[in-house]
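J.: Please read through the structure below; I'll follow up with questions.
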Amino acid sequence: MAKKTKKTEEITKKFGDERRKALDDALKNIEKDFGKGAVMRLGERAEQKVQVMSSGSLALDIALGAGGYPKGRIIEIYGPESSGKTTVALHAVAQTQKEGGIAAFIDAEHALDPAYAAALGVNIDELLLSQPDSGEQGLEIAGKLIDSGAVDLVVVDSVAALVPRAEIDGDIGDSHVGLQARMMSQAMRKLSASINKTKTIAIFINQLREKVGIMFGNPETTPGGRALKFYASVRLDVRGNTQIKGTGDKKDQNVGKETKIKVVKNKVAPPFKEAFVEIMYGEGISQTGELVKIASDIGIIQKAGAWFSYNGEKIGQGSENAKKYLADHPEIFAEIDHKVRVHYGLIELDEDDVVEDTQVEDTSDELILDLDSTIEIEE
């Protein structure tokens with residue numbers, strides 16, 4: 001019985017060696033035919049962690065889980081009219097340029113306001129803009145920009161406005177069933193590999209439609225078929241909530257609105273998280289407002305009554321004054337923003353953070369030693 005077992009093990013080992021050799025030969029042939037990296041073991045990849053770029057909103061970065069939009073992935077932003085979809089996308093454009101990248105905007109709706117984009121921090125002199133005549137043209141332009149590998153972000157506004165050429169050439173009233181869905185499906189198949197290879201972020205803004213005859217369930221749907229839903233790594237549902245009233249002379253005016261951004265799909269972090277941001281009319285997302293709220297919630301900014309303080313120093317009475325203080329002191333804003341991101345694990349600890357942690361630990365050890373010596377003296 002023992003001999004039979006030993007013989008079986010030898011056969012298994014020999015068979016395993018033959019399979020391993022056959023696999024190595026196959027990998028060499030594939031690499032020869034298709035290039036290095038065509039097939040590799042997952043653990044051999046140099047970059048296993050998903051690279052991200054900040055969305056331009058701290059609250060949204062936290063909701064996304066990874067700290068921003070994943071590079072080399074497709075993002076869909078949809079919601080009702082005037083909910084803030086384009087504003088969210090323009091903040092991503094501004095953040096890309098801030099980090100030294102190049103952004104392109106495919107304006108299929110022909111409705112981009114340069115003055116508003118500039119107010120959000122977009123460098124309109126450096127922004128690549130295209131206003132295509134048809135859906136195919138817009139997607140072809142996006143594809144060529146992505147294939148170049150020189151563009152970091154491409155925004156398409158919007159999928160619903162990508163009208164197929166056949167529909168433009170036809171008459172109003174002609175039936176074009178499934179034409180836009182087929183166009184988007186083909187585009188996703190062609191663009192997805194190139195987007196991943198060049199590490200370009202592709203943001204598709206989409207509108208909402210309602211299904212006819214739906215009695216139960218959610219009747220809302222997005223145009224352009226299902227391809228974009230499948231290929232998107234992140235889908236954001238943007239909804240405007242309550243209006244924000246002004247202060248002082250503008251106390252009777254609506255100066256902005258609270259907006260809820262829900263991550264309904266996320267392939268790089270847990271989904272279904274929500275971010276609440278203040279979109280101020282003519283200014284975009286209030287970055288100081290969200291920082292004051294988030295930092296005070298986790299104790300980085302201390303709140304006592306109506307007063308806000310940081311590191312023992314008062315920074316304002318009421319949230320509006322605290323926002324103004326942070327806007328006037330960008331170095332304090334950056335310091336608090338960094339601490340919040342470290343708290344939520346969006347960025348790794350730097351040397352300064354490690355030094356601070358070490359000092360805290362040393363202080364606690366000294367306190368324990370003092371207590372022990374006190375006990376010995378009393379005894």
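Cβ atoms here come from the backbone N, Cα and C positions, even for glycine.
So Swiss-Prot lists these for the protein:
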type: BINDING; residues: GLY79, PRO80, GLU81, SER82, SER83, GLY84, LYS85, THR86; note: ATP binding site
J.: Within a 10 Å radius of its Cβ, which of these binding-site residues (SER82, SER83, THR86) has the fewest neighbouring Cβ atoms?
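T.: Counting other Cβ atoms within 10 Å of each of the binding-site residues SER82, SER83, THR86, the minimum falls on SER82.
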J.: Across all chains shown, how many C-beta atoms besides its own are within 10 angstroms of the C-beta of GLU81 (ATP binding site)?
T.: 8
J.: Within the chain of GLY79 (ATP binding site), which residues six or more apart in sequence place their C-beta under 8 angstroms from its C-beta?
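T.: Listed in sequence order, they are LYS85, LEU208, ASP237, VAL238, ARG239.
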J.: Reduced to three states, what secondary structure does DSSP give LYS85 (ATP binding site)?
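T.: Looking at the DSSP assignment, LYS85 (ATP binding site) belongs to a helix.
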J.: In the same chain, which residues outside the set GLY79, PRO80, GLU81, SER82, SER83, GLY84, LYS85, THR86 have their CB within 8 A of the centroid of the CB atoms that define the ATP site?
T.: VAL238, GLY240
J.: Have a look around GLY84 (ATP binding site) and count the other CB atoms within 10 A of its CB, chains all included.
T.: 24
J.: Here are some binding-site residues: PRO80, LYS85. Which one has the most Cβ atoms within 10 Å of its Cβ?
T.: LYS85
